[in-house]
Amino acid sequence: MNGVVVVHAGAGTWRFFNRDEVTKVIKSSLRAGIEALKRGGTALDAVVNATIVLEDSGILNAGLGSVVDALGRLTMDAGVMDGYTGRAGAVAAVTYPKNPVVLARKVMELTDHIILSGSGADELAFRLNLPKHPGPTERVLKLYKEYVSKADPTSVRFAKNVKIAKELGMLDTVGAVALDNDGRLAAAVSTGGIILKFPGRVGDSAIPGAGFYADRYGAAVATGVGETIMMSLLTYRAVQLIKEGYTAITAAKMALQFHTSLFGKDTAGLIIVDRSGTPYGAYNTQAMPWGYIRVDMEEPYISGFPETT
Ligand code: GLY
């Protein structure tokens, strides 16, 4: 079996980002994932390590770079799933941990629960002595100040805020999927959610089957407008299609096509890998930087930037 790690930096317009900077982060993330596999780690180790690098970059909408809600506060969602054991763990609306993906893994491994939210999840992070988040970056606070007056302050439908997020290209949830050398599959996802979201809002990244899913056939993570991904069950749908016999490439395209038929363009993207190790990234947005690396590859494959950058 030839291990492979796939990561993405989020679906969106990617108009205001430095391509070299984002490419560097994706490559570092892929290397962190593949190094875990080379050391004999599991697919779960690989996706968590890869996602930590994306969270720590500070330039993507997850971990250190997470965007803020309508009150200017950070609340992050993350999830992991181990396709081999069929177990999942997730955190919703957490504020404490620097790396929500690590906390999601702890929920899966240390508790009998699947999703912990808000203060309870933060309490677990505190008790486990996980590194604390330092708060929103200057870039995020600047965006908040600039756009908060244009946001819809009351509507939980927040269509106007999603429009702002799309304009800003801020749908950049991050994630990773992997197949390890023993044939196990795993998925991990992390996000600050939609910028200017109503406080307390939870997106797809905390919901197994929506933002992330893995079994013995495939693993997928999604990015985009969580309210649409939760209703199309995008990652579960894609992995089910693999189980029905489609390749990862066809499964991703079919699942996204179904999603787009329900919710239109500019709403979602996903990365996927099947048990043969075929990786793929599909999106209905202008861009979704993603890449993959196999154990035997020197340089990763990178794709998904908008043509104009
Ligand atoms: N896909 C991330 C979110 O909607 O929160």
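Along the chain as shown, the residues are counted starting at 1.
Every residue gets a Cβ built from N, Cα and C, even glycine.
Bear in mind that TrEMBL entries carry predicted annotations, made automatically and left uncurated.
On a predicted model such as this, the values are computed, not experimentally measured, just so you know.
As given in TrEMBL:
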ACT_SITE  Thr173  active site, nucleophile
BINDING   Arg201, Val202, Gly203, Asp204, Thr223, Gly224, Val225, Gly226  substrate binding site
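Overlay of TrEMBL annotations on the structure.
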residue: Thr173; record: active site, nucleophile; Cβ contacts under 8 Å, 6 or more apart: Gly10, Ala11, Asn61, Ala62, Val189, Ser190, Thr191, Gly203, Ser205, Gly211, Ala222, Thr223, Gly224
residue: Val202; record: substrate binding site; Cβ contacts under 8 Å, 6 or more apart: Asp77, Ala92, Ala93, Ser117, Gly193, Gly226
residue: Asp204; record: substrate binding site; Cβ contacts under 8 Å, 6 or more apart: Asp77, Ala210, Gly211, Ala222, Gly226, Glu227, Ile229, Met230, Leu234
Those recorded positions in Thr173, Val202, Gly203, Asp204, Gly226 whose CB falls under 6 A of ligand 1, listed in sequence order: Thr173, Gly203, Asp204, Gly226
Densest Cβ neighbourhood among Gly203, Gly224, Gly226 (binding-site residues), 10 Å radius: Gly224
Reduced DSSP assignment, Val225 (substrate binding site): coil
Surrounding CB atoms that lie within 10 Å of the CB of Val225 (substrate binding site), all protein chains: 24
DSSP three-state assignment (helix, strand or coil) for Arg201 (substrate binding site): coil
Number of other Cβ atoms within 10 Å of the Cβ of Arg201 (substrate binding site) across all protein chains: 20
